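Single-structure report; data block below.
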Amino acid sequence: MAQFIPRAVFPTQLSLPRSYFLGHHASGLSKMKTMLSSIDIIIECRDYRVPLTSRNPLFEQLLSGRNRLVIYTKRDLGNQGHFSDRQREDIIRDWHAPNPTLFTDHKSKQDIKTVLNFTKNEAIHLNNLLGTRILVVGMPNVGKSSLLNALRMAGVKKAKAAFTGAQPGITRKIASSVKIVEKDEEKGIEAVYLLDTPGVFVPFVPDAEAMLKLALVGSVKDTIIAPVTLCDYLLFHINKQPGGQDLYKEYCHPTNNIIELLEGVCRKTGRLGKGGVPDTDAAALWIIQRWRQGNMGKFVLDEVEEDGLARKMNEEVAISVSQARKQKKQEQMARSKAKHAATI
Ligand SMILES: Nc1nc2c(ncn2[C@@H]2O[C@H](COP(=O)(O)OP(=O)(O)OP(=O)(O)O)[C@@H](O)[C@H]2O)c(=O)[nH]1
């Protein structure tokens, strides 16, 4: 049998939406701006599986010069405990230095304890009599509320304070602060409070592939991109992993053809519509969910290289320059239209 060769590149998807910046993202961001003066530390959450693509330039503007901890959430979905995972984390830490960086799984007691200890040390250092106030920010569905709940449970043994969910946009408003560390006079620790915020999406996604990555990790609603397209992009990544084809071997032989895989899934799991027609959309969503739960491979979608962050930042500058030019052109056109209308 011929050796299976995975696709080297994913076909360009010209028709994909490249924006998902919603009303509550904009209002959440402007509310955050007004609150910053009463905040001591920012925890910025990013998704472990998209360390570059989940960087939001809006937060860079908002948080520049602020005391910031970067937390890469959902580590359990992208880390297999290999040496290469450790190397990747070292590179990411270097990107953010001197800001501290942590990697978490919200169900890992050790990971949550590390975050809690960080906040306690900051509280001792700041020694704010009114307590230390921490704002948690990040892209939609990155796991901000889950982190808050886990910290609250570990820190003050209190149950869930924030709603969480598998789709983005569960948190719509900045809620009141939640205590995660009690005041401890003996140890000289003032109380620590967290404030959860609504996820804020990037204002403009640079390319279709970045949109596919953000959709795959659940930052945009599943109704925005056709499930078969999204699943095809996942298949592209699965096939690139060592032994990736084994992840779907019960449904199909090694393939680059998404329909072939989905039809195999439909047959095996009974996802058939009227007249036995395979329900490929349902099969695609099922595979995507399995990957999001860590049952279809654990891997990172972005290439992590030492100069990766610097290249991404240059890209953002280029986009903002081209957007500024576009805006200027539109303004000139509007002015000349108005002038023309005034002369007739
Ligand atoms: N596997 C895994 N899942 C996580 C982790 N953290 C959060 N999740 C899941 O990710 C989904 C989104 O979590 P939320 O805490 O609601 O995310 P959010 O950032 O508050 O979302 P928005 O309301 O859109 O701002 C939920 O299904 C969580 O169970 C993690 O560390 N590992």
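Cβ coordinates are placed from backbone N, Cα and C, and glycine is handled just like the others.
In TrEMBL, annotation is done automatically, which means it is predicted and not curated.
For reference, TrEMBL has these:
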type	residues	note
BINDING	ASN141, VAL142, GLY143, LYS144, SER145, SER146, GLY199	GTP binding site
DOMAIN	26-203	domain 'CP-type G'
REGION	324-344	region 'Disordered'
Q | GTP site span - longest C-alpha distance across ASN141, VAL142, GLY143, LYS144, SER145, SER146, GLY199, in Å | A | 13
Q | Averaged pLDDT score, the domain 'CP-type G' (26-203) | A | 92
(Q) Neighbour count first, Cβ atoms within 10 Å, every protein chain included; then name which of ASN141, SER145, SER146 tops the list of binding-site residues. (A) ASN141
Q.
Give me the count of other Cβ atoms within 10 A of the Cβ belonging to VAL142 (GTP binding site).
A. 28
Q. Per DSSP, GLY143 (GTP binding site) is which: helix, strand or coil?
A. coil
Q: Could you name the residues, excluding ASN141, VAL142, GLY143, LYS144, SER145, SER146, GLY199, of the same chain that surround the GTP site, i.e. Cβ within 8 Å of the Cβ centre of those residues, in sequence order?
A: CYS45, THR73, GLY138, PRO140, LEU147, THR164, THR171
Q | Nonlocal neighbours by CB distance (under 8 Å) for GLY143 (GTP binding site), same chain, sequence gap 6 or more | A | CYS45, ASP47, THR73, LYS74, HIS106, THR164
